[in-house]
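Annotated features in TrEMBL:
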- Gly252, Glu253, Ser254, Gly255, Ser256, Gly257, Lys258, Thr259: ATP binding site (BINDING)
- 23-123: domain 'Ras-associating' (DOMAIN)
- 159-297: domain 'Myosin motor' (DOMAIN)
Amino acid sequence: MSARDGGVGGMGTLGRRQRFENSEFTVRIYPGTLAEGTIYCPISARKTTTAAEAIERVIERLQLDRTKCYVLAEVKEFGGEEWILNPNDCPVQRMMLWPRVALEHRPLSGGEDYRFLLRQKNLDGSIHYGGSLQMWLQITEERRRMVERGLLPQPDSQGDQADLCCLPELNERSLLDNLRSRFQQEKIYTYVGSILIVINPFKFLPIYNPKYVKMYDNHTLGHLEPHIYAVADVAYHAMLRRQRNQCIVISGESGSGKTQSTNFLIHHLTALSQKGFASGVEQIILGAGPVLEACGS
């Protein structure tokens, strides 16, 4: 019996195909002026998830006006033609046709910029575009940078808390719902007082570059969005201020990301030590890596 006839090889191919069909992908949908302060809304979708289902998830996440009619549009460049998806079209299947760099959310040459937009449909069936997408993105990015620098207040959260101690009702369900809501927004860090909870996203997030190192330098814990850099920064400056050793305990199940978290800690501590606060700290921290690995960390 050949693989094409349904032998062992055929069953393996069918199994892999079913796993692919059931795999979840992150789809970024840009709501534009429909949701002020939100650059994009990430949702989880499968290959069979329809545009109508994706729109419903965005409406629920961003708490948009349900009396309005919304459509999902695909755009491939700023100011270019927008393709309105039918309710039964599948966004993930459209994403599979994008270039690889677009799937990794990296800029393409030639003005191309693949993304999904949420648009409002008028009563006469026309689409309300609400101004230039490029101008809106620029204004939103500038607002986000001003919020990070403390020049503007933090926008109201969509029902989630950055510190679980601030939950109005603390129980297992509210705790898990809060963590799930933050994770779906690609917020993998959450505080419990001075304790940091990390959920492994199993993908790279662009939140570990020099900009974030500088952002969390010498800041009070909880002043900014939770981050492992904030924990490293507090420990480092407490060591300098009190002239006493500090300890950061990292624990979790196998595969939870303990080693990667340790690497991020060491990266931030090394960046701080290079400012000249303490000589020799960099080599001491870098030398701790093999010891941690040998202990099974």
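Each Cβ is built from the backbone N, Cα and C atoms, and glycine gets one as well.
The binding-site residues under consideration are Ser254, Ser256, Thr259. Their Cβ neighbour counts within 10 Å are lowest for Ser254.
Counted over every protein chain shown, other Cβ atoms within 10 Å are most numerous around Gly257 among the binding-site residues Gly255, Gly257.
When Cβ atoms from all protein chains are considered, those within 10 Å of Lys258 (ATP binding site) total 18, not counting its own. Summarising the environment of Gly252 (ATP binding site), the number of other Cβ atoms within 10 Å of its Cβ, over all protein chains shown, is 12. Shown in sequence order, Asn200 are the same-chain residues outside Gly252, Glu253, Ser254, Gly255, Ser256, Gly257, Lys258, Thr259 whose Cβ sits within 8 Å of the Cβ centre of the ATP site. Listed in sequence order, there are no same-chain residues at least 6 apart in sequence whose CB falls under 8 Å from the CB of Glu253 (ATP binding site). Helix, strand and coil counts under DSSP for the domain 'Myosin motor' (159-297) come to 66 helix, 9 strand, 64 coil.
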